[in-house]
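Peer 1: Straight from Swiss-Prot, here's the annotation block:
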BINDING   A142, G143, G144, T145, G146, S147, G148  GTP binding site
MOD_RES   S131  phosphoserine
Amino acid sequence: MPREIITLQLGQCGNQIGFEFWKQLCAEHGISPEGIVEEFATEGTDRKDVFFYQADDEHYIPRAVLLDLEPRVIHSILNSPYAKLYNPENIYLSEHGGGAGNNWASGFSQGEKIHEDIFDIIDREADGSDSLEGFVLCHSIAGGTGSGLGSYLLERLNDRYPKKLVQTYSVFPYQDEMSDVVVQPYNSLLTLKRLTQNADCVVVLDNTALNRIATDRLHIQNPSFSQINQLVSTIMSASTTTLRYPGYMNNDLIGLIASLIPTPRLHFLMTGYTPLTTDQSVASVRKTTVLDVMRRLLQPKNVMVSTGRDRQTNHCYIAILNIIQGEVDPTQVHKSLQRIRERKLANFIPWGPASIQVALSRKSPYLPSAHRVSGLMMANHTSISSLFESSCQQFDKLRKRDAFLEQFRKEDMFKDNFDEMDRSREVVQELIDEYHAATQPDYISWGTQEQ
């Protein structure tokens with residue numbers, strides 16, 4: 001029984017990474033840019049209907065909803081070879097097309113105004129599914145639409161579909177240099193509050209780390225957005241392979257999430273991918289084995305979140321799920337896991353079992369691949385809190401001076417006061433504290449002493 005997933009793409013970033021994701025899915029399932037199954041794609045072992053549905057004329061159409069408050073990116077999608085792939089009724093552009101001006105409050109309050117139009121689309125998609133499992137939301141947390149409208153949708157989805165899972169792919173902004181959005185720290189924290197309270201699972205895509213990987217590992221001098229988005233679509237498609245090429249384990253979203261998230265608030269995941277090479281000559285020198293892939297996945301340089309090394313806290317893994325694609329001998333998996341445990345290659349939480357799981361998945365039969373085995377790691381690691389800490393520091397710098405708050409005052413929500421910002425700051429601080437507490441053996445009783 002396929003459990004369908006509806007993808008919601010918001011704002012410039014969400015629609016760009018969503019576009020790459022669908023491009024990748026079409027390639028993997030042998031679907032042409034018009035949505036027609038290619039002649040060669042006759043192996044019926046993949047599950048297309050988790051992410052696509054078939055129209056009356058046998059076209060495959062993505063279960064995707066494209067939302068933006070300004071038209072540029074969606075117009076570029078509609079002028080691309082993939083224009084006919086999407087259902088035009090599922091594309092929503094706001095009437096005035098002015099965007100949210102990189103302002104969370106504007107995105108959020110526009111969400112309230114266009115709420116009915118958006119939920120008409122989402123409800124129609126949900127009704128068209130046999131047994132909907134949940135929603136996947138692609139957005140960035142720094143701008144206006146992805147963060148503001150994204151936050152609004154997260155809250156409403158919880159009210160409207162309380163039993164459905166909500167997973168997000170959230171792009172975090174650059175940390176080291178000045179961003180082009182001055183109010184980015186405000187936008188980020190306000191969105192983080194919703195990601196903490198209203199999402200079941202957040203896959204963190206950190207621009208800083210993605211850039212580093214593109215530069216160091218793929219040897220691209222100045223990586224462009226589209227090159228980084230390709231990295232992101234690789235992660236997104238690899239993290240859904242077990243849903244699309246089902247095996248006996250992890251073949252639905254709850255199975256993936258349940259193995260990674262033992263306690264509800266600590267649901268921010270980082271990813272790692274290997275082998276990453278664009279250089280064909282280098283690719284052929286090594287024989288990729290399961291152990292090789294799993295060991296590489298644990299190396300910080302392959303992890304797509306840049307976290308600071310914190311001397312005070314012993315950061316550790318809460319859980320790991322490795323999705324290994326390719327020709328794999330299952331006995332090798334067991335040996336590799338044993339080797340990792342014996343050599344203590346990964347440092348796990350003191351209050352629970354060392355949960356490192358492996359899901360084996362087939363590769364797409366239609367895509368040539370340079371490597372026999374490739375792997376994606378999805379890890380729940382306490383050091384992700386350093387990402388939130390740096391967001392908080394940037395927020396505090398601005399909030400202390402009440403800098404750049406004029407645009408926020410224009411919206412009803414912040415007309416009289418900025419309580420919502422300070423509340424968000426508290427929620428994120430509690431999240432950081434809980435991640436720190438999770439490194440201690442007494443975490444199980446954490447939070448019970450205070451009451």
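For all residues, glycine too, the Cβ spot is worked out from N, Cα and C.
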Peer 1: Sequence gap of 6 or more, Cβ distance under 8 Å: name the residues on the same chain that satisfy this around G143 (GTP binding site), in order along the sequence.
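Peer 2: Listed in sequence order: G11, Q12, C13, A100, N102, G107, V181, Q184, N187.
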Peer 1: How big is the Cα-to-Cα gap, in Å, between A142 (GTP binding site) and S131 (phosphoserine)?
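Peer 2: Just about 33 Å between their Cα atoms.
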Peer 1: Other than A142, G143, G144, T145, G146, S147, G148, which residues of the same chain sit close to GTP? List them in sequence order, counting a residue when its Cβ is within 8 Å of the Cβ centroid of the site.
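Peer 2: For the GTP site the neighbour list reads L10, G11, A100, N102, N103, W104, G107, H139, S140, I141, L149, G150, N187, T191.
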Peer 1: Could you give the Cα-Cα distance between T145 (GTP binding site) and S131 (phosphoserine), in whole Å?
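Peer 2: About 29 Å separate the Cα atoms of these two residues.
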Peer 1: For T145 (GTP binding site), which DSSP three-state class applies?
Peer 2: helix
Peer 1: Measure from the CA atom of S147 (GTP binding site) to the CA atom of the residue listed as 'phosphoserine' and give the result in Å, rounded to a whole number.
Peer 2: 29
Peer 1: Taking every protein chain in this structure into account, which of the binding-site residues A142, G144, T145, S147 has the most other Cβ atoms within 10 Å of its Cβ?
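Peer 2: Selected residue: S147.
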